[in-house]
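Here is the structure we will look at, set down as structure tokens.
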Amino acid sequence: MKSASGRPLSSRWLQLIVTIWTGQAFSIITSGAAGWAIIWHVTQTTQSALALSLIMVCAMLPQGVLSPLGGVLADRFNRKTLIIAGDLGAGTASLLLALAIAASESSLLLICLFGAIRSAFSAVHGPAMMAAMPMLVPERHLLRINTLDQVLASLANVCSPAIGIGLYAAFGLSFALVLEFAGAVVAVAAMLLVKIPTVRAEDGSSALGQMVEGWRVLAATRGLVMLLGGLTVGLMAFSSISAVYPLMSTQYFGANGTMVSIAEAVSGICMLVGAGIIMAWGGGRRLALLLCASSVLVAAPTIAAGLLPSDAFWVYVALMGLASVFMAWFNGPVMTLVQKNVPEAKTGRALGFLYAAIGIAMPAGVALGGVLAEHIGVTSFFVASGALFLLIGLIGYAFRDIRALDAGDPATEA
């Protein structure tokens, strides 16, 4: 049996994958809980929307900016070592913040600083983690394993607010941060139990030169550049909808706090269901078609939500839950198409640019969403966002270069 990258594969590959992702599950959920504890702490202590925006930008932007460098590291050094360093570094930053808060040092600046440090370590962890997957998994299961990341993120979105806010109320912020460190330790312990092959590093090239080479690898396949562009625009639209979602609920539909909480939970659960469908189904062989179709399927309920009367809140919740199911079909196929169309020795660099697009598109979408919704109104904003998803899906599949990505084969040589 061979891996998706063409390497000989152990008969115990599934056991190794379960070990890795069990550890990652602890890390992702405890990290999400700590993040929500921080959000609640800042909300309670500052009552400032600007302060909340600042900590969110600090938590996302460094990962976006530094991910191309993280991709270079993933192609230069052992990916297992980098995954461990990313988990342990982020966890240690949270532990140090917990100690500072316990010593009565809990300024907003300090929280932003440690949030940025955690984000920087995520820029190392993400490309290394996903670049390692094609080396450990058969090609027919690669999409399923890539979707595990989405499953865990969706699970964290559902569970983390209740866990994080509950821990904050019962034990304080320091406890939630120490719990994140414990989750990182579990992830590191799991990773120590598995072996990940070392990719032959290129000699004589600087980090900047390898970053440029990573872009050249993407640019050599026009479909990947188009895919990256479409993903960036789509993620900006999605994150802007997520930012305006509570405002639409309260301002237009007149929902109270309980109703908004239920709506958020429904979206998280539906995204989890969508990821589960992809894992069970496997996505088929035409992943480019799946991506473009999912964009169109997100568009329909989003446009419909913007056209609803103000007394149809629960219809709105159902429509956005349906959109969330199809939004979960984005990440896994995109990751798989990049992995299939880039040589193994350069996968980290290519994924670094993918993570950069994600890391920059999300905060940019949050910022733009609020501004646009203020100018055109929340209902018109939902209609416009849905129309954008429709265009992304239809135009994307019209390009032969994007459709051709489904024929890509993994390679072990640079």
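Just so you know, glycine gets a Cβ as well, placed from its N, Cα and C.
According to TrEMBL, the transmembrane segment annotation covers 12-39, 51-74, 81-102, 108-130, 177-196, 217-238, 258-280, 287-307, 313-338, 350-372, 378-399. The domain 'Major facilitator superfamily (MFS) profile' annotation in TrEMBL covers 218-414.
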Recorded stretch, among 12-39, 217-238, 350-372, maximising Cβ pairs under 8 Å relative to the transmembrane segment (81-102): 12-39
Spatial neighbours of the transmembrane segment (217-238) far in sequence, C-beta under 8 Å, 6+ residues away: 288, 291, 295, 298, 327, 330, 334, 337-338, 341-343, 346, 349-350, 353-354, 357-358, 360-362, 364-365, 368, 385, 388-389, 392, 395-396, 399, 401-405, 408
When counting Cβ pairs under 8 Å to the transmembrane segment (313-338), the leader among 12-39, 108-130, 177-196, 258-280, 287-307: 258-280
Overall pLDDT of the domain 'Major facilitator superfamily (MFS) profile' (218-414), taken as the mean: 85
Other parts of the chain folded back onto the transmembrane segment (12-39), taken as Cβ under 8 Å at six or more residues beyond its ends: 1, 3, 52, 55, 59, 87, 90-91, 94, 111, 115, 118, 129, 136-138, 145, 148, 152-153, 155-157, 159-161, 163-165, 167-168, 173, 176-177, 179-180, 182-184, 186-191, 193-195
Same-chain residues near the transmembrane segment (378-399), Cβ under 8 Å, at least 6 residues beyond its ends: 223, 226-227, 230, 233-234, 237, 240-241, 244, 247-248, 251-252, 288-289, 291-296, 298-308, 369, 372
